[in-house]
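Read through the structure below, which is laid out as structure tokens, and then see the notes.
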Amino acid sequence: MPSISVRRLFDDNQYKLQLAWAAGNSGADNRIGVEADKPVLALVGHLNFIHPNQIQVVGLAESEYLNRLESGETGYQFGDLFDISMSLVIVANDLPVSPGLRDYCHKNDIPLLTSKLESPYLMDVLRIYLQRTLAASSVKHGVFLDVFEIGVLITGHSGLGKSELALELISRGHSLIADDAVELFRIGPETLEGRCSPMLRDFLEVRGLGILNIRHIFGETSIRPKKILQLIINLVEADDEYMKQLDRLSIRTETESILNVNVRSVTLPVAVGRNLAVLVEAAVRNYILQLRGKDSTREFLERHQTQLKENEQNHENRPD
């Protein structure tokens, strides 16, 4: 199961969530991970001794209860209630940290952080962060682009011209997200997000030209940090025989399964004289039309059937 350390969570969210260490620094390497019987959203919650979360957040009500606990009003001790499995405690709302809580976290190597933000907002941000960070992931070979605001993954065997095609699309105003190794994360039941590793960000390798820094050549708008994957365009090498056998009126919808998510796919034959950049743009425009309920192939076939019926009726009504 994927997991991250408390140290990484702190580094990634220190400024956004105004986090600061209060105790338990020795537990910075504690792991926060997905459990088989719990969704990611259940990792974070207000202080709960019955159904404890890995990240326990102390808000106004929880802070008041801890103060009563420390004063002896409840008849319980800290050790009686805190003998639970947790990776991190965050005191929100800029509240003072209870001395008893600080001592307990220090003795048991449980990281204790503070935040000036209100607890509901804090938990919402952490849930979104953990959902993205702990998402199931896979790496696909290809070039990932933003074409007309649609995330398009171009795949195919080496040497078919994927990078050259990507370069032409970028020169036409579209944006590069990742080249060669596209990192895909399932951030929702039916949603894949594509990203680029920090090592490869901004770069595109083109045979004969070497490695190009797309951001420096084409400007800031030529690069996108991430995008939802919506369409896969698979390039295949085609000869005359392949082109003859190609179904030119196919109404089947092709999909490819990645991380148990079905993604719409289109196969484009690569042959001499074909303008692939124009074909990719047309495929994306056609996909957008289909999202709006318009299918050109079905529309043509319906028109064809209507014309045949009209011709048949005219033939029957024609006097001998």
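Backbone N, Cα and C define each Cβ position, glycine as well.
Pulled from Swiss-Prot:
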ACT_SITE  H141  active site
ACT_SITE  K162  active site
ACT_SITE  D180  active site, proton acceptor
ACT_SITE  R248  active site
BINDING   G156, H157, S158, G159, L160, G161, K162, S163  ATP binding site
BINDING   S163, E205  Mg(2+) binding site
REGION    269-274  region 'Important for the catalytic mechanism of dephosphorylation'
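Feature annotations (Swiss-Prot) mapped to structure.
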residue: H141; record: active site; contacts (Cβ under 8 Å, 6+ apart): T155, D180, A181, V182
residue: G156; record: ATP binding site; contacts (Cβ under 8 Å, 6+ apart): G142, K162, N234, L235, V236, V270
residue: H157; record: ATP binding site; contacts (Cβ under 8 Å, 6+ apart): L235, V236, E237
residue: S158; record: ATP binding site; contacts (Cβ under 8 Å, 6+ apart): none
residue: G159; record: ATP binding site; contacts (Cβ under 8 Å, 6+ apart): none
residue: L160; record: ATP binding site; contacts (Cβ under 8 Å, 6+ apart): L235, V236, E237, V270
residue: G161; record: ATP binding site; contacts (Cβ under 8 Å, 6+ apart): L235, V270, L276
residue: S163; record: ATP binding site; contacts (Cβ under 8 Å, 6+ apart): V143, D179, L204, E205, V206, R207
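Taking the mean position of the Cβ atoms of G156, H157, S158, G159, L160, G161, K162, S163 as the ATP site, the remaining residues of that chain whose Cβ falls within 8 Å of it are L235.
Ranked by Cβ neighbours within 10 A across all protein chains shown, the recorded positions D180, E205 are led by D180. Within the region 'Important for the catalytic mechanism of dephosphorylation' (269-274), the DSSP-based counts of helix, strand and coil residues read 0 helix, 2 strand, 4 coil. Around the Cβ of K162 (active site), the number of neighbouring Cβ atoms within 10 Å comes to 23. Under DSSP, the residue listed as 'active site, proton acceptor' is assigned to a strand (E or B) in the three-state scheme. Secondary structure from DSSP puts S163 (ATP binding site) in a helix.
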